[in-house]
Amino acid sequence: MKWVTLISFIFLFSSATSRNLQRFARDAEHKSEIAHRYNDLKEETFKAVAMITFAQYLQRCSYEGLSKLVKDVVDLAQKCVANEDAPECSKPLPSIILDEICQVEKLRDSYGAMADCCSKADPERNECFLSFKVSQPDFVQPYQRPASDVICQEYQDNRVSFLGHFIYSVARRHPFLYAPAILSFAVDFEHALQSCCKESDVGACLDTKEIVMREKAKGVSVKQQYFCGILKQFGDRVFQARQLIYLSQKYPKAPFSEVSKFVHDSIGVHKECCEGDMVECMDDMARMMSNLCSQQDVFSGKIKDCCEKPIVERSQCIMEAEFDEKPADLPSLVEKYIEDKEVCKSFEAGHDAFMAEFVYEYSRRHPEFSIQLIMRIAKGYESLLEKCCKTDNPAECYANAQEQLNQHIKETQDVVKTNCDLLHDHGEADFLKSILIRYTKKMPQVPTDLLLETGKKMTTIGTKCCQLGEDRRMACSEGYLSIVIHDTCRKQETTPINDNVSQCCSQLYANRRPCFTAMGVDTKYVPPPFNPDMFSFDEKLCSAPAEEREVGQMKLLINLIKRKPQMTEEQIKTIADGFTAMVDKCCKQSDINTCFGEEGANLIVQSRATLGIGA
C-alpha cells in the first residue's frame, strides 16, 4: 500500500477508530457483556430480542421450545447483573447464544448438517449457522392471526405472550430482518389492535392494516438482506461509500465530520445485525439513534417526531424519515474540484480523504441521483485524476471533467425516462412484455417461471417509482433494480447462466446495472430442438380468469423467444397478431378445442416459417 494512501486511510478512519475505542472502553467498564446489554435494553426488550435471535437461527422450533432457550439466557443475564465476576458471565453474548443452540437436544434430527456447525470455533461457527438460514421458508407459515372474535380478548388478557408469538412468527419467516425492524412491526401491530378493537368489524379493520404491514415487512426484509449481501460480497469500503452517499443526501446540512462519524457507526451496527447478533444490533442501533436525536440541530429537523417516540419505534421511524432540504447557498463544485490548480496536490496528499469529501459534497447537492450513479461519477472523477495528475498539464487534462461525468448522468436519466415513458404510454401489460422480451434475449437459459418472476418484479419497480417526482424517481428505480440484479447474480454463483451475466456480475458494484442494461442477445446460446408440445392451446385460453390467461400468454412469449433470441420486434408482432386472431376466432366456436387443434397447428407452422426454424 502506498504511504500516501495509508496515511490518508488512517486520517479518514480516525473518527471511526476513536468511536470504536470508546465502545471498547465502555464494554471494559462492564466485565460482562450480557449484563450490560440486559441493563441497556431492560427485561421485556431483552427477552423479545433474544426470541428474535433464536427464532432466526432455529426456524423449525416451536414457540414453547424457544421460550425455554430465552429463559436460560435471561436467567444468565440476571445472574450476571447481580455478579459480573461469575465465570460464565465473561463470554461474548453471541457465543452464549450459539452455545445455547448447540445444547438443544436432537438438534441433528431437526436440522441435519447444521448441527455440524457446533464443532467449529467462533466466528466460523456463526458463519456456518448463518449459511443455513432460509429466507421466507416454505416450512414456515405466515403469521396466522387469531379469529376476530377472540383476538382482542387474547391481547388484553396476556399482552406479552400475544406479542411474543407475533414476534416469533415474523422472525422465523424473515431470518435476515433486523431486530429493531421486527420490534417496530410488533408495535405497529399493537397499535392496529388498539385501534381496531374499538371498531364494530374488528376483522375488516385488521385486514386492511395487515395488508399494509405485510408489504412493509417484506420490503424492509428484502432491503436489509440486500444490505447484508453487499457487505459480505463487496466489503466495508463499498458499503461505507453507499452509506456516505445516502446519509449525505438525507442530511445535507450536517457537516462532513458528523456525517462521517455516523457512517462509521452505522457500518458497525449493520455488521452486528447481518451477523445475527440481534441483541447487540438492537442495543447499538438504539444508542446510535439516541446520539442522532441528541444532535437534531446538526442533522435534520425532519426527525423531530421520530425522536419523541419510544426507543423501540425510533430507529425504523428515522430510517423512513424524509430527506432534509439541502442548503440554498451551496457553491458550485467546479471551482474546487476542477478549476482549482491545486487539485492534484490535494488528491495525492490525501487520496481517500479527498475522495470522501468529494462524495459528501456531490451527494448533498444531488439527492435526486441514485446512490449507484454517484458512485459511478466518483469513480469516473477518481480515474480521471489518477490519469491527469501524471501528465505535464493536469488542468488541461481534466478541464472537460464535467462533460465526462455528465455522460454517466445522461445514461441513467435516459434509462429511467425511456422505461417510465413506456410504462406511462402503454400500461403495465405491455411494459411487462417489453421487459420479458429484453431479458429472455439476454438470459434465455433462465427457467421460464423465473424470467416471469423477474419481469414482474421489474414491472412493480416501474409502477412504484415512475409515479414519483423527478427528485426521487431515479434513486427509487436504480435502487430497487440493483436489488433484483444482486439476486440474479447470487443465483448465478450456484447456477451459472451465461458468460454475459457472469461478466456483469463480476463488475464493480455500481456498474452492474448499466452492464445489464447494455447486455445484448446471448449469441452463444444454442436453442433446444423445437417442441410443439411447449405451445399447446386449449379452452383455458378462453375460460380461465384474466390473470391466469395473461400468465399463460407471457409464458408462451418467453418460450417462443427462447427458440430464437435473435428474433426481431416485427417477427414477434407477426406471431403475436396471429395468436390473438386464433384466440378471437376459436373462443367463438362451439367446439373450442378442435378449433385450437387446427388453428394452433397452422400458427406453429406459420411461426416457424416467420422465424426460419426448420422442421
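Count begins at 1; order follows the chain as displayed.
Cβ atoms here come from the backbone N, Cα and C positions, even for glycine.
These features come from Swiss-Prot:
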- Cys80-Cys89: disulfide bond (DISULFID)
- Cys102-Cys118: disulfide bond (DISULFID)
- Cys117-Cys128: disulfide bond (DISULFID)
- Cys152-Cys197: disulfide bond (DISULFID)
- 215-407: domain 'Albumin 2' (DOMAIN)
- Cys228-Cys274: disulfide bond (DISULFID)
- Cys273-Cys281: disulfide bond (DISULFID)
- Asp277: Zn(2+) binding site (BINDING)
- Cys293-Cys307: disulfide bond (DISULFID)
- Cys306-Cys317: disulfide bond (DISULFID)
- Cys388-Cys397: disulfide bond (DISULFID)
- Cys420-Cys466: disulfide bond (DISULFID)
- Asn500: N-linked glycosylation site (CARBOHYD)
- Cys542-Cys587: disulfide bond (DISULFID)
- Cys586-Cys595: disulfide bond (DISULFID)
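On the structure: features taken from Swiss-Prot.
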residue : record         : DSSP class
Cys89   : disulfide bond : helix
Cys117  : disulfide bond : helix
Cys128  : disulfide bond : helix
Cys152  : disulfide bond : helix
Cys293  : disulfide bond : helix
Cys306  : disulfide bond : helix
Cys466  : disulfide bond : coil
Cys587  : disulfide bond : coil
Cys595  : disulfide bond : helix
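Under DSSP, Asp277 (Zn(2+) binding site) is assigned to coil, being neither helix nor strand in the three-state scheme. Comparing local CB density within 10 A for the disulfide-bonded residues Cys118, Cys281, the maximum falls on Cys281.
When the Cα atoms are compared, Cys293 (disulfide bond) and Cys274 (disulfide bond) turn out to be 24 Å apart. Neighbour density for Cys274 (disulfide bond): within 10 A of its CB lie 21 other CB atoms from the protein chains shown. According to DSSP, Cys420 (disulfide bond) sits within a helical segment. Note: the Cα of Cys80 (disulfide bond) and the Cα of Cys466 (disulfide bond) are spaced 54 Å from each other. If you check the disulfide-bonded residues Cys273, Cys306, Cys586 against Cys542 (disulfide bond), the ones with a Cα inside 10 Å of its Cα are Cys586. Using CA atoms as reference points, the disulfide-bonded residues Cys102, Cys117, Cys197, Cys307, Cys587 were checked against Cys228 (disulfide bond), and the closest is Cys117. Least packed by the Cβ count within 10 Å, out of the disulfide-bonded residues Cys228, Cys317, Cys397, Cys587, is Cys587. Cα-Cα distance from Cys587 (disulfide bond) to Cys197 (disulfide bond): 50 Å (rounded to the nearest whole number). If you take the Cα of Cys128 (disulfide bond) and the Cα of Cys281 (disulfide bond), they are about 19 angstrom apart, rounded to a whole number. Here the Cα atom of Cys117 (disulfide bond) is found 45 Å from that of Cys197 (disulfide bond). There are 22 other CB atoms within 10 A of the CB of Cys117 (disulfide bond), with all protein chains counted. Annotation note: Cys197 (disulfide bond) sits in a coil segment as assigned by DSSP. The most densely surrounded of the disulfide-bonded residues Cys102, Cys586 is Cys586 (count of other Cβ atoms within 10 A of its Cβ).
The Cβ neighbour count for Cys595 (disulfide bond), using a 10 Å radius over every protein chain in view, is 20. Taking the Cβ of Cys542 (disulfide bond) as centre and 10 Å as the limit, one finds 16 other Cβ atoms among all the protein chains shown.
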